[in-house]
Amino acid sequence: VTYSKAMIIILFCRRIFVSCVIICGQTCKHVFLWLVEPEKHPDFWKEWAQRTLKNALTLQDLNKNVAKNIILFLGDGMGVPTVTAARILKGQMSGQSGEETQLEMDKFPYVALSKTYNTNAQVPDSAGTATAYLCGVKANEGTVGVSAAAVRSQCNTTQGNEVTSILKWAKDAGKSVGIVTTTRVNHATPSAAYAHCVDRDWYSDGDMPTEALQSGCKDIARQLFENIPDIDVIMGGGRRNMYPRNTPDVEYPGDKKHNGTRKDGRNLVGEWIDRKGYYAWNRKDLLSLNPNNVDYLLGLFEPADLPYELERNKETDPSLTEMVDVAIKILRKNERGFYLLVEGGRIDHGHHEGKAKQALHEAVEMDRAITRADLLTSIYDTLTVVTADHSHVFSFGGYTPRGNSIFGLAPTVSDIDQKPFTSILYGNGPGFKLVNSTRENVSTVDYEQNNYQAQSAVPLRMETHGGEDVAIFSKGPMAHLLHGVQEQHYIPHVMAYAACIGQNKDHCRTNSGSPSLSHISPTLALLLAVKWLLC
């Protein structure tokens, strides 16, 4: 919370409220309320609202600059309940009650809602949604970088239905581009930035059916290096999909499940090193590099996905914040700017496993990365967007009191089975458990441990996505265009418009302020020519 000078003095005086009461007695009842419990005094809330109002009035001066840089933060599975719970967790991690805390994304001036359905799904998956918010086209579930005319797992429907992403639009415009994720770099979200694949699970050719390979379809890992061969920064997991089958992993040489999976015998990491140069597979290597001396970076820190933040080995695995820091420092050297896709991908995995604590700590870590990006960029020339691909059937409630641990119990027991329940619950998932044919008594287990699986209403091995709208937070040039309730595929069109890349360039101007001839539409150019001839 941002306090005025008067409020700071009042809060400071809370430390000496006893003395104040002795001096003032009953005549200072209102002062006492201010000093001890300011929230009980109406003026506390009125002053807070007035500060917020004054700040809101400044938003009338719209930022219509050209966005030199574009950053998209994608919290996979980060629905609105997850945002709220992560906010409370962030505050509680610093000793506050949590509800009044601000996430970095909360500070963004513009908020909209995104409709997340796929063309063939009411409740979407991460592949079809990624195609929407990266390529600007709604698509079928399970497919990346192809239109809805492509059918999942049918290789022969790929050709002719490919769609390109904003990452490619930015690269074609001369910008540097990067991908940072806590999942595999060829997982659903990042793959839509560069791949055209009718099956999100075709991570390497070892995951593809023979028929698809014979028909000429390429695995996603291969497309990462071939479709847009000059992606400047790539960081995440996924090492095993880059090496020939049975190649031992550099970090886990004795564990066969981490061995290479490629059937074509290619060493894609080796090819990168030969072509581009810098490769890192651990945190030490990453943090020891000088961004000023590196133009192209491939960082693969695990055979598959990176570990949860709560389980991260700080010797070998970088945090999302650390990866974002290095990525921006490399990309910003380009005078034409950059485009960066950042995915907090394991928020989704935590929810699927019913492990709310893992999911929420992943969301808090992504918010730290947003804070770091803010420090390295300027709101005047950088459009930053934070959103989610979809939600989950995650909720928290139960009339919990202010400051209740976000992972704690509701204050009362069920009036049906007379057993306690946690505030956090899932609509379905692996947390469904019966003991003697009745609901488990959660007070007999450690419900605040890292991997506790919150109770669910319906038993499933994996919890499912939710179908409700998700939030879009935005700041920087043209951020106001992300408003109201929008289709998800609208997002990259706004970002491209702000940066004068892709198809919308008519509004872009030269340094002199006059329209650039190259940005005039054919129709307008024809009208101007006719006018010139007639005159």
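Even glycines carry a Cβ here, placed using N, Cα and C.
Record features (TrEMBL):
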- SER126: active site, phosphoserine intermediate (ACT_SITE)
- ASP76, ASP348, HIS352, ASP389, HIS390, HIS465: Zn(2+) binding site (BINDING)
- ASP76, HIS187, THR189, GLU343: Mg(2+) binding site (BINDING)
- 253-263: compositional bias 'Basic and acidic residues' (COMPBIAS)
- 244-263: region 'Disordered' (REGION)
Residues in the compositional bias 'Basic and acidic residues' (253-263) grouped by DSSP into helix, strand and remaining coil | 3 helix, 1 strand, 7 coil
The sparsest Cβ environment within 10 Å, among the binding-site residues HIS352, HIS390, is found at HIS352
How many Å lie between the Cα of HIS465 (Zn(2+) binding site) and the Cα of the residue listed as 'active site, phosphoserine intermediate'?
-> 9
ASP348 (Zn(2+) binding site), number of other Cβ atoms within 10 Å | 29
Rounding to whole Å, the Cα atoms of HIS390 (Zn(2+) binding site) and SER126 (active site, phosphoserine intermediate) are apart by 7
Smallest Cα-Cα separation from GLU343 (Mg(2+) binding site) among the recorded positions ASP76, SER126, HIS352, ASP389 is shown by ASP76
Check: min Cα-Cα distance from HIS352 (Zn(2+) binding site) over recorded positions SER126, HIS187, THR189 goes to SER126
Sequence gap of 6 or more, C-beta under 8 Å: which same-chain residues meet both conditions with respect to SER126 (active site, phosphoserine intermediate)?
-> ASP76, GLY77, HIS187, ALA188, THR189, ARG200, ASP348, ASP389, HIS390
For the Zn(2+) site given as ASP76, ASP348, HIS352, ASP389, HIS390, HIS465, which other residues of the same chain have their Cβ within 8 Å of the site's Cβ centre?
-> GLY77, ASP125, SER126, ILE347, HIS351, ALA388, SER391, HIS392
